[in-house]
Amino acid sequence: MILRNSALSFTSLAVPLLVGVLTVPHIIHALGVQRFGVLTLVWAVIGYASLFDLGISRALTKRVAALQGQTDRLRSLIRSGIGLMGAFGLVMGVLAVFVTRQFDYQRFGIAQDEFGNSILLLAVSIPLVIISGGFRGVLEGFHRFSIVSVVRLGFGLVTFIAPLFVLASAPRIDYIIAIMLCARIVGSLIMAWACRFYLSKGKVSRPRRMVELRNMLTFGGWITISNLASALMLYMDRFFLASSAYAPSLAFYTTPYEFVTKLFILPSALSGVLFPYMARSSKFTGINNQLLVIGSAIVLACVTPVVAGIILFSPELLGWWISQEFSIEASPALRILSIGVLVNCLAQIYQTYLLGRGCAFWMARMHIFELFLFLPLLYVSIHYFGIEGAAWAWTLRIIVDSIAMAFLLDKLNLPTSKHWWALAFSIGAAFLVFSFSAVDVYSKLAVLSILVVGCAVVGVWFIRNLLLITTRTQSAGE
């Protein structure tokens, strides 16, 4: 079940990405660079609106997973959570109208009516994004990943295909947003229908309901703080570069970054499925500890060969994808960033386990502390070493973050230290492959072949163990 749901989740993330690779050039050609910039801004706002859901969607997943079988408490929890998210979504939608109306529409090369319609449609979309995130959290808590994956796949395809149909008749941004809004409404209704049994009023006293709501807001609030700190660390490198003497070379950093970080969809798919399991009651702690080890091993087995190939053949990849001239400037940053990506893929599994055990407070404090350390390091690295300095600062921050998570796992008294071995492997393998990046092609192929075979064997072994654990979990009644 875990493996099947992970495959569904991965497909719903990967397929729209591949479709986007094919359709985006046509959209840019039809819209023009300026108007396409507006569309990417719309995509970004819709994509990141869920970041401001107060962490309630993840809190809902955790509590739903822990309260399986307690119908009245679940109904009260879900109604309260969805209602709160709806109210907050409306506030965010109104706020979006006031903020976006300050923009000068003429700078974007679009008409005033088109700009005004786009703002209103975007404002309506934001509450739907936040509410649908709540329904998704509920469904994931019940392990109903097939519905979540189908809705996510459908919306992802509409995002990249709808513009082609609109542009065939009229190249207007508001028409594109309208179609995306319709898709979002349909997806939200599908998920709401799937949750309908738990949307009726539960027989829970008001004091108990308020305690549950307070706990959910506390957990979600720490997740929000953690997410905001992480988002700042994720994007400040670009702002620092853009405001430095290296601004003309920004594309040599952002392009490799966007390219290699697409690998995050694999651990994201797996961790999204593992979280409801890891958030269950303490009687499942033994199985959850095994899921931590197996999930870590599967991620490393799948991602390590890909990262190794990128590190070893980054000049060839960028030269084939863009140009040889671009490759010369960007391949060093791609190699360095790839080290951090491999380590971060593992760290996502650690973070999932920690949040499943209710450690959102620890995570938030850790990320705030990292933020204050990372920003000065980033500034100095860019000042003295430019693009490569930014890449090394980002990678070092990822390594420190992963080590800190390993220490947090130690505080939970895990029965083994396998998480340290996995972390040591990810860091050691990445730097070892990096040291081979200057050897001849045949040596690179030999290193890559050894890694592929070794990781395939390890991956099959741990996938087999995952299937056994899934069977054991189902027999225990989940």
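Residue numbering: from 1, along the chain as shown.
Backbone N, Cα and C atoms are what each Cβ position is placed from, and that goes for glycine too.
Here is what TrEMBL says about this protein:
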type	residues	note
TRANSMEM	40-60	transmembrane segment
TRANSMEM	81-99	transmembrane segment
TRANSMEM	119-138	transmembrane segment
TRANSMEM	150-169	transmembrane segment
TRANSMEM	175-195	transmembrane segment
TRANSMEM	216-236	transmembrane segment
TRANSMEM	259-279	transmembrane segment
TRANSMEM	291-313	transmembrane segment
TRANSMEM	333-356	transmembrane segment
TRANSMEM	368-385	transmembrane segment
TRANSMEM	421-439	transmembrane segment
TRANSMEM	445-463	transmembrane segment
Restricting to the same chain and to residues at least six past its boundaries, which positions have a Cβ under 8 Å from a Cβ of the transmembrane segment (333-356)? 58, 62, 223, 252-253, 256-257, 259-261, 263-264, 266-268, 270-271, 274-275, 277-280, 288, 291-292, 295-296, 299-300, 303-304, 307, 310-311, 314, 317-318, 362-363, 387-388, 390-392, 394-399, 401-402, 405-406, 408-409, 412, 419, 422-423, 426-427, 429-431, 434, 437
For the transmembrane segment (445-463), which recorded stretch in the set 40-60, 175-195, 259-279, 291-313, 421-439 gives the largest number of Cβ pairs separated by under 8 Å? 291-313
Is the transmembrane segment (291-313) packed against any residues at least 6 beyond its ends, judged by a Cβ distance under 8 Å, and which are they? 2, 260, 263, 266-267, 270-271, 274, 277-278, 334-335, 338-339, 341-342, 345-346, 348-350, 352-353, 409, 414, 416, 418-419, 422, 425-426, 429-430, 433-434, 436-437, 444, 447-448, 451-452, 455-456, 458-459, 462-463, 465-466, 469
Take the transmembrane segment (216-236) and find every residue of the same chain, 6 or more past its ends, with a Cβ under 8 Å from one of its Cβ atoms. 48, 51-56, 58-60, 62-63, 77, 80-81, 84, 355, 358, 360-361, 363-364, 366-368, 370-371, 374-375, 378, 397
Sequence-remote partners of the transmembrane segment (368-385) [C-beta within less than 8 Å, at least six residues beyond its ends]: 225, 229, 232-233, 236-237, 240-241, 244, 246, 392-394, 396-397, 400-401, 404
Taking the transmembrane segment (119-138) as reference, which of 81-99, 175-195, 421-439 has the most Cβ pairs under 8 angstroms? 81-99
